[in-house]
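Taken straight from Swiss-Prot:
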{"type": "COMPBIAS", "residues": "1-10", "note": "compositional bias 'Basic and acidic residues'"}
{"type": "COMPBIAS", "residues": "11-20", "note": "compositional bias 'Basic residues'"}
{"type": "COMPBIAS", "residues": "28-46", "note": "compositional bias 'Polar residues'"}
{"type": "REGION", "residues": "1-54", "note": "region 'Disordered'"}
{"type": "REGION", "residues": "86-123", "note": "region 'Disordered'"}
{"type": "TOPO_DOM", "residues": "1-140", "note": "topological domain 'Cytoplasmic'"}
{"type": "TOPO_DOM", "residues": "161-177", "note": "topological domain 'Lumenal'"}
{"type": "TOPO_DOM", "residues": "198-244", "note": "topological domain 'Cytoplasmic'"}
{"type": "TRANSMEM", "residues": "141-160", "note": "transmembrane segment"}
{"type": "TRANSMEM", "residues": "178-197", "note": "transmembrane segment"}
{"type": "TRANSMEM", "residues": "245-265", "note": "transmembrane segment"}
Amino acid sequence: MSELSDAEKRRILKERRQKKFGSGGGTNRLNKITGQADSLMSTESTLDQRERTPEAAINTRQNEAGNNQSTTDNNPQVSLLKQLAEQDRQEGSEAPPDLMSMLQSMTGGDAKNGTPPTLGTPPAPVDQSMLDYHNYLVNRLKAWSIIIKWIVLLPYMYVVTHDVPLSLPFGLMDSSNFFSVLMGFEIVATSIYYKRLQSIEKGTSVNTMMHGSMIAKLISLIPDQAPQQKNLKSRLFTLLQYWDVVSMLITDICFVLVVLGIFTHI
């Protein structure tokens, strides 16, 4: 058998030492060298602690996390912040307000307290049954006003166009005064119509223009923070009211002209 070389001897010696230290021999040898075999102080080798180090580190981190959690729970400021965050999440989960409520809050109205809508502000939500009843009353008023107008105008136009001998005061039978009489009658009829319409709106608490006109709803969207904007909205609503009256007058005049043309050929 050939002799071992120096490199092989060193390798074998190194393996033996590692095996000896791995079985706890490192601690015994350290105690013998330092003379602390019977000492109360720990002389355990770092090689022997290598296996237990990860477990000890994990336990240390768990203890620190538990201490931090208990400190957080005992802190009143942290508890208050948690409560506020929970309230924000609950409020965020609620249904968003409808469009009319948002517009009411933008223009200073109060739909919850039942503040009646004013001209230039978005109308508060109205019960659909009440709105249907209001529309029924308004449509009936329009129908009756048209019927009464033509019950008066049709005979008068026939008498004027056919020279029927009637003695009426103030020159009512004179054809030259026809349009003056017509305009006076329209003014009286329109005044009665709007007077009756106001009484209906007062009884149902529904604004006919704000709920029935798309143009009025668009005008109410204009913000009124500045005086110029308020003045603009007021003028637009005034023009819209005048246009309602003028449109009724134009409609009646058109029908009068058609009927006059028919009567002149009869």
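Glycine is no exception: its Cβ is also placed from the backbone N, Cα and C atoms.
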Beyond the flanks of the transmembrane segment (178-197) by 6 or more, those residues with Cβ under 8 Å of it: 138, 141-142, 145, 148-149, 152-153, 156-157, 160, 172, 208, 245, 248-249, 252-253, 256
For the topological domain 'Cytoplasmic' (198-244), the mean pLDDT of the predicted model: 76
Summary of DSSP states over the topological domain 'Cytoplasmic' (198-244), given as helix, strand and coil counts: 37 helix, 0 strand, 10 coil
